[in-house]
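Taken from TrEMBL as is:
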- A:5-258: domain 'Endonuclease/exonuclease/phosphatase' (DOMAIN)
- A:ASN8, A:GLU35, A:ASP154, A:ASN156, A:ASP257, A:HIS258: Mg(2+) binding site (BINDING)
- A:TYR112: active site (ACT_SITE)
- A:ASP154: active site, proton donor/acceptor (ACT_SITE)
- A:ASN156: site 'Transition state stabilizer' (SITE)
- A:ASP228: site 'Important for catalytic activity' (SITE)
- A:HIS258: site 'Interaction with DNA substrate' (SITE)
- A:HIS258: active site, proton acceptor (ACT_SITE)
Amino acid sequence: MLSVATWNINSARLRLPIIEKYLEMQGPDVLCLQEIKCQEHQFPADALAALGYEHQAICGQKGYHGVATVSRVPIREVTRHDWQANGEARHVGVEVVDREVGGKNVRIDNVYVPAGGDEPDREKNPKFGQKLDFLERMTDWAKSLDVPTLIVGDFNIAPLESDVWNHKQLLKVVSHTPVEVETLERFQKAHGWVDIGREHIRDPERYFSWWSYRSKDWRVNDRGRRLDHMWASPEFAARATGHSLLEDARDWEKPSDHIPLVTEFDI
DNA sequence: ATGCCGGTGTCACACCGA
């Protein structure tokens, strides 16, 4: 049994109390955090180790972005890709020690895809181009993968109509534009990734993982999007036995605007 | 719904999120 969770935490330091609450409540074997918003030496490593998450791979930077994978089962950091080619901390890849699928140790890649700015036009908005380029480099990486891999994190794209509160209203909003969805589809096809979330909560059922801070009464208005994902190699995904969301976490004290997702595997 | 919120960093604001 191996359980893996992903959560865009929007500051690991500010939200240490709810990280601890989550780990004590759900106790996944591995937790992948995005937007830790700190440098590696500022990450609350000791507090998480005290809860049993002593194996850690942290890729941070000052103030923004940053990812960390913490685990209570042994992991080995294997890569940090700079898929945006600008030095930002948006990926860390680990191997899970002695957990095999098809005779090979499984890998978990934790990624924070760039948001992409406001305007969905790479001529007017360089950040949008950087987001697409990031995904193209991820796709090149995926083509060469030869180990069972789980890639999780904030993809900052809600690909399906049922992944957003209003498909038509969001067609020109970055995160749900056709060009982003097509670019993500090319990534998916490059490795045959299985969208584990949608294997368990099937389209067209509502499935959101993020609600803006700006919309009051998030539960009433429910203007959410599915920006966070857990995608696995086919043979790895076949071992998934369960998948769930923790919507209640959006109402915790000083909440993140994202909620945690977790998948259990028979490994 | 281009923001009514909410992070960080440096010191009243900028910049970022999506």
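Cβ coordinates are placed from backbone N, Cα and C, and glycine is handled just like the others.
Curation plays no part in TrEMBL annotations; they are all automatic predictions.
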Can you count the other CB atoms that lie within 10 A of the CB of A:ASP228 (site 'Important for catalytic activity')?
25
Please list, in sequence order, every residue of the chain apart from A:ASN8, A:GLU35, A:ASP154, A:ASN156, A:ASP257, A:HIS258 whose Cβ lies within 8 Å of the Cβ centroid of the Mg(2+) site.
A:ASN10, A:GLN34, A:TYR112, A:TRP210, A:LEU227, A:ASP228, A:SER256
Highest Cβ count within 10 Å among the binding-site residues A:GLU35, A:ASP154, A:ASP257: which residue is it?
A:ASP154
Please report the distance from the Cα of the residue listed as 'active site' to the Cα of A:HIS258 (Mg(2+) binding site), rounded to the nearest angstrom.
13
Whole-number answer please: how many Å between the C-alpha atoms of A:ASN156 (Mg(2+) binding site) and A:ASP228 (site 'Important for catalytic activity')?
7
On a C-alpha basis, identify the one among A:ASN8, A:GLU35, A:ASP154, A:ASP257, A:HIS258 that is nearest to A:ASP228 (site 'Important for catalytic activity'); the candidates are the binding-site residues.
A:ASP154
Across all chains shown, how many C-beta atoms besides its own are within 10 angstroms of the C-beta of A:HIS258 (Mg(2+) binding site)?
23
Note down the number of other Cβ atoms within 10 Å of the Cβ of A:TYR112 (active site), including every protein chain shown.
26
